[in-house]
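Worksheet: the structure to be examined is printed underneath.
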Amino acid sequence: MTASRSILKAVLSAAQAEGRGARVRRSIGRPELRNHDPFLMLDEFDVDKNGGFPDHPHRGFETVTYMLEGQFQHEDFAGHKGTIGPGDLQWMTAGRGIVHSEMPVKSQTRAHGLQLWINLPKEHKMCEPQYQELLDNEIPRATPVEGVVIKVIAGESHGIVSKVYTRTPTMYLDFKVAKNKSVVQSIPASYTGFIYMLKGTAYIGDNEFVGKAHHTLTFSEDGAETVKISTKDEDAHFVLIAGQPLNEPIVQHGPFVMNSQDEIYHTFEDYRGGKNGFERAKNWKSSIA
Ligand code: FJE
Ligand code: FE
């Protein structure tokens, strides 16, 4: 019998200002949770109809936007446009370069969701940009026991496999667990991982570490291949995110994440000069910001 991963730390994310009039609860990426290779950032965002994330670039990683409530629009410099609503997913590989705008639909009062930044391995940092977009009803569910519904956004759970292609091996699961349930999730031994609590209370590991809303709970890196999660007198909603660490140098300058200072310098040159993937950045302005 293998033991469950345990929880190393629990960190509360308070809301902070970000973008234009937006509020985020930063999980991974905050000072206490800086190096969680392969993950760079996780924000629980809350944007009202006048806020958002107007025109900005990315290079060298992936942004994964998962909507919880409301409608979010996006538009990029290549003319790629769309709207995602509750339960929908946009898995964007920025690769060598994307410039885009991410804004709530104006008629909505609130857009609430999660945005995860996953680092790319050296050999994929300059790949062609790619979008993988899935509507809520296209994301498969595992229901290992009554009262436990697991949306398999990436990776696998209880025999249900996501069709999302991950250049950095990643598991991304959305758990809705009714009260007084228990579930065991397999995790590859080499993955790092964490739970971000959205609602309610969950008890994690053999010694039932208590996890509450807006807390990030980081997993022990002891090679255990499961994590045990239970609920008691309250339902719980959380995401479980895990991935293969890249163990490569990280040099981040805002929305550019490369392996060396020299590559960051060249990225600034490319962005400013409209080169090497940023050709369409010149004079581009989104129509939604
Ligand atoms: C940003 C660079 C960025 N959290 N949560 C610098 F890319 C961003 C940014 C976001 C973001 C976007 C969404 Cl949709 C959700 C996010 C950061 O776009 F805010 C800064 N300062
Ligand atoms: Fe962005």
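Every residue, even glycine, has its Cβ placed from backbone N, Cα and C.
TrEMBL labels come from automatic prediction, so no person has curated them.
Keep in mind it's a predicted model, so treat the numbers as computed, not measured.
Quick look at what TrEMBL annotates:
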- H56, H58, H100, E102: Fe cation binding site (BINDING)
- 22-118: domain 'Pirin N-terminal' (DOMAIN)
- 172-277: domain 'Pirin C-terminal' (DOMAIN)
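Mapped onto this structure are the features recorded in TrEMBL.
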{"residue": "H56", "record": "Fe cation binding site", "CB count, 10 Å": "15"}
{"residue": "H58", "record": "Fe cation binding site", "CB count, 10 Å": "23"}
{"residue": "H100", "record": "Fe cation binding site", "CB count, 10 Å": "25"}
{"residue": "E102", "record": "Fe cation binding site", "CB count, 10 Å": "28"}
Segment-level pLDDT (mean, integer) for the domain 'Pirin C-terminal' (172-277):
98
Cβ under 6 Å from ligand 1: qualifying binding-site residues of H56, H100, E102:
H56, E102
Not counting H56, H58, H100, E102, residues with a CB within 8 A of the CB centroid of the Fe cation site are F53, D55, P57, T63, H74, D76, I98, V99, S101, P255
Within the domain 'Pirin C-terminal' (172-277), count helix residues (DSSP H, G, I), strand residues (E, B) and coil residues, in that order.
13 helix, 52 strand, 41 coil
Look up H58 (Fe cation binding site) in the DSSP assignment and reduce it to helix, strand or coil.
strand
